[in-house]
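For reference, Swiss-Prot has these:
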- C47-C77: disulfide bond (DISULFID)
- C80-C140: disulfide bond (DISULFID)
- 44-145: domain 'Expansin-like EG45' (DOMAIN)
- 1-21: signal peptide (SIGNAL)
- 22-265: topological domain 'Extracellular' (TOPO_DOM)
Amino acid sequence: MKTFVLFVILLCLTFLSISKSETCPFSQSLVSGASATYYTDPNAGNCGYENLMGPLGPGNLFIAALGPNLYNNGKNCGQCFNISSPYTNRSVVIMATDSCPDSGYCQRSSHFDLSTQAFDVLGAQSIGVLEGLTYYKVPCGVNGNVKIMMKDGSNDYWTAFLIYNSKVTIKDVSVKITGKSTYTSLTQSSYNYWISPNMVPGSFDVRIESVGGEFIYITIPKVESRKQYETSSQFSVDGCVGTPSGPSGGLGSPSTGASIGTPSDASSLTLYALFSLTILFLVMLN
């Protein structure tokens, strides 16, 4: 009997440990009362991805320009959202690639100015403004690892970095230049580039931190205008619901994971652990 009890205890501890580690790096709370309009030329958005079908973009046109509150000075560039509509009872996954600074609807706390491709999933264009939408954040199902590009005009003494192809948004970018032993955090601009004004000739290290606190490192041999590099890693999205997959990165289609309101994998494991503890308690009573 003692052996069985010990086995159950170890099982519970194992599942509780797994549950604790598998947490989504951002809040997935369901937000209601959102609205949406549409615009017809989504390329060259404020997040710096240029042509959406090009090497910096998501590879499709299911995108949105965010109002100032959601855009948050560029901090939500590259964030993906699952938006649901009462007009069609459908949802669509989009990536934030632009800002919507116009007065009016864009000034609302939760407003999306969508591409026509995304808008059409949620309602007819003749409606004009969609009201009563709900949304939550989801990881972007990008292919490959996180990438980095140095801005046009970069030189040995100044550069700026665009971080793209990430499943989650970026919290911080730091640089360790030649001859230094510590990293220096950079400032993110409202157009989504991280500015590094104190470079020197030679190689340097870049440290990229996700909103979940994970780090990716890359060594770059020299500053070179518009030079692109792929890192060796991608950020984890364990514990997130609605993680999209596939060649399109899940954009334009409903999320493939659990719906909001159902347990994520981590929550399910927690419930399983509690169930195991209940069994342990019953065994000890006997």
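Including glycine, each Cβ sits where the backbone N, Cα and C put it.
On a predicted model such as this, the values are computed, not experimentally measured, just so you know.
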From the Cα of C47 (disulfide bond) across to the Cα of C80 (disulfide bond), what is the distance in angstrom? 13
Which residues of the same chain, at least 6 positions away in sequence, have a Cβ lying under 8 Å from the Cβ of C47 (disulfide bond)? G74, C77, G78, A96, T97, D98, S99, Y191, N192
If you count Cβ atoms within 10 Å of each one, which of the disulfide-bonded residues C77, C140 comes out on top? C77
Counting by DSSP secondary structure, give me helix, strand and coil numbers for the domain 'Expansin-like EG45' (44-145). 20 helix, 32 strand, 50 coil
For C80 (disulfide bond), the number of other Cβ atoms found within 10 Å of its own Cβ: 29
For the domain 'Expansin-like EG45' (44-145), would you mind checking the mean pLDDT of the predicted model? 97
